[in-house]
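Can you read through this structure? Questions will come right after.
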Amino acid sequence: MLEKLVDSLWKICRKSKFQHMTPIADAVDTFCFEPLHTPSSPPFVRDAVDVKRWMMLVVIALMPTIFAAVWNSGLQALVYQSSDPRIMEAFLHISGFKSYFSFVSQEIGIGSVLFAGCKIFLPLLFISYAVGGTCEVLFAIIRKHKIAEGLLVTGMLYPLILPPTIPYWMAALGIAFGVVMGKELFGGTGMNILNPALTGRAFLFFTFPAKMSGDVWVGSNPSRIKESLATMSSLAEKSHFDGFSQSTCLQVLNSTPPSVKRVHIDAIASNILNLEHVPTQDVLQTQFATWAESYPGLTVDQLSLEQLQNFVTTPITEGGLGLLPAHFDSACSLTEAVYGIGKFSTGNLFFGNILGSLGETSTVACLLGAGLLLLTGIASWRTMLSFGLSAFFFAWFFKIMSILTTGNAGAWAPAKFFIPAYRHLCIGGLAFGLVFMATDPVSSPAMKLAKWLYGAFIGFLTILIRLINPAYPEGVMLAILLGNVFAPLFDNIALKQYRQRRI
């Protein structure tokens with residue numbers, strides 16, 4: 001029956017007045033069945049895996065990430081808009097799989113989570129395919145060429161890199177810009193130098209920054225979430241710096257001023273975690289000995305919240321740590337991010353129980369997709385490995401240089417440099433970008449050496465933007481797009497090296 005419908009569509013399009021619609025019939029035929037057309041020029045390769053099957057493997061690799069996006073966005077939305085501080089407290093203090101699924105089943109409901117997540121993700125997916133597909137069809141008709149299968153993956157990647165609160169009209173504008181300016185402008189699928197999905201996101205990021213960063217990570221109605229958070233903080237009698245918020249780990253990292261030093265977060269951590277020894281213990285003890293002369297009987301790791309704030313914000317000349325009082329809340333938030341406390345625990349970051357763009361939250365889901373892409377040979381392991389190693393190395397490098405240049409175990413170096421290197425791999429969009437964006441075969445280099453250089457370049461830029469640039473909390477998007485621009489240069493370098501070895 002399906003074959004008859006496709007044949008009927010071909011008959012209609014072969015009529016003279018509908019011949020310009022032939023690309024649509026060809027696209028439907030190719031999607032449903034094995035394409036009948038053969039290459040018009042060499043090489044002629046007979047293979048069961050054509051471009052359509054190749055793209056379908058990428059779609060299958062995206063399935064774990066899509067499920068994680070639906071599940072996490074639905075759960076976060078229901079918890080954050082509940083206006084119930086008891087539910088929020090229970091959610092933030094989850095530890096382990098057993099307590100996690102017990103909380104979901106007893107407090108929220110699995111069906112409710114999936115339904116809420118689908119309400120957020122599926123409309124964005126539909127818009128991506130509808131608007132992006134329309135642009136593809138129009139250009140195919142105008143240029144009189146076949147509709148390529150590239151949108152099958154681009155249309156699925158695009159909504160996964162958007163915040164859940166993005167307005168629908170804005171999502172449509174972004175995918176249209178990405179397809180037209182990022183791909184069709186260069187000649188269509190296979191000739192674009194930039195990743196179309198990232199091009200669309202970059203356009204939205206620079207055109208509508210307030211809708212792409214800040215408090216945009218929960219539910220589909222930011223105003224409702226803000227009201228719910230304010231209600232929960234009020235009912236729970238939370239202070240201004242320990243109230244409920246929807247800040248992400250990268251937002252905390254980016255918004256922390258340079259005046260927050262390592263010694264400040266170590267002082268807070270020693271009281272929250274009851275650590276017997278922190279890296280800056282000697283500096284803490286020296287300063288505390290002077291400060292505690294007015295408070296006999298106190299120890300540096302057994303302070304009340306008021307005493308801790310007093311010690312950290314007292315001027316250095318009086319025995320304190322010299323932090324501006326207005327920055328104490330930032331220091332508390334960064335302490336959680338650096339030491340993996342509460343919602344920023346390593347488990348939450350790895351498995352995806354965090355806030356962020358729809359597809360970037362779950363590192364383990366991205367790794368499952370990476371396994372399939374590597375197993376089938378679709379993605380380059382060289383790009384993935386060099387990207388990950390480069391990001392890890394430079395995160396570690398900034399930490400070591402901070403210690404060496406300031407002394408005292410980096411006590412007076414900016415605290416943001418001391419987030420563990422492995423945690424950089426689990427926060428933001430690094431895992432998603434590493435697996436699905438940087439490995440785009442069209443916009444990435446082709447030579448083996450070039451792939452190593454390309455991945456290392458992206459990893460370096462990602463960490464540099466995260467830690468040094470105060471304007472952008474995340475560096476993955478810009479790093480990959482810049483890597484796309486430099487990809488021909490990396491190929492040229494690799495080609496010269498290859499020729500020199502052959503001579």
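In case you wondered, yes, glycine gets a Cβ from its N, Cα and C as well.
It should be emphasised that the depicted structure is a prediction, and the values quoted were computed from it without experimental measurement.
Not my notes, these are from Swiss-Prot:
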type	residues	note
TRANSMEM	55-75	transmembrane segment
TRANSMEM	120-142	transmembrane segment
TRANSMEM	160-180	transmembrane segment
MOD_RES	T248	FMN phosphoryl threonine
TRANSMEM	361-381	transmembrane segment
TRANSMEM	384-404	transmembrane segment
TRANSMEM	417-437	transmembrane segment
TRANSMEM	452-472	transmembrane segment
TRANSMEM	475-495	transmembrane segment
Counting a contact as 3 or more Cβ pairs under 8 Å, with residues at least 6 apart in sequence, do the transmembrane segment (452-472) and the transmembrane segment (361-381) touch?
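When sequence-distant Cβ pairs are counted, the transmembrane segment (361-381) does not touch the transmembrane segment (452-472), since fewer than 3 lie under 8 Å.
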When you check the transmembrane segment (384-404) against the transmembrane segment (160-180), do you get at least 3 Cβ pairs under 8 Å, counting only pairs 6 or more apart in sequence?
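Between the transmembrane segment (384-404) and the transmembrane segment (160-180), contact is absent.
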May I ask you to check whether the transmembrane segment (55-75) and the transmembrane segment (160-180) make contact, with contact taken as at least three Cβ pairs under 8 Å and only pairs 6 or more apart in sequence counted?
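Between the transmembrane segment (55-75) and the transmembrane segment (160-180), contact is present.
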Relative to the Cβ of T248 (FMN phosphoryl threonine), which residues of the same chain, six or more apart in sequence, are found under 8 Å away?
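Same-chain residues close to T248 (FMN phosphoryl threonine) (Cβ under 8 Å, separated by 6 or more) are W217, I354, L355, G356, I427, G428, P473.
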Cβ under 8 Å to the transmembrane segment (160-180), counting only same-chain residues 6 or more beyond its ends: which ones?
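Sequence-distant neighbours of the transmembrane segment (160-180): 62, 65-66, 69, 73, 77, 120-121, 123-124, 127-128, 131-132, 135-136, 139, 151, 154, 196-201, 203-204, 208, 211-212, 216-222, 357-360, 429, 432, 437, 477.
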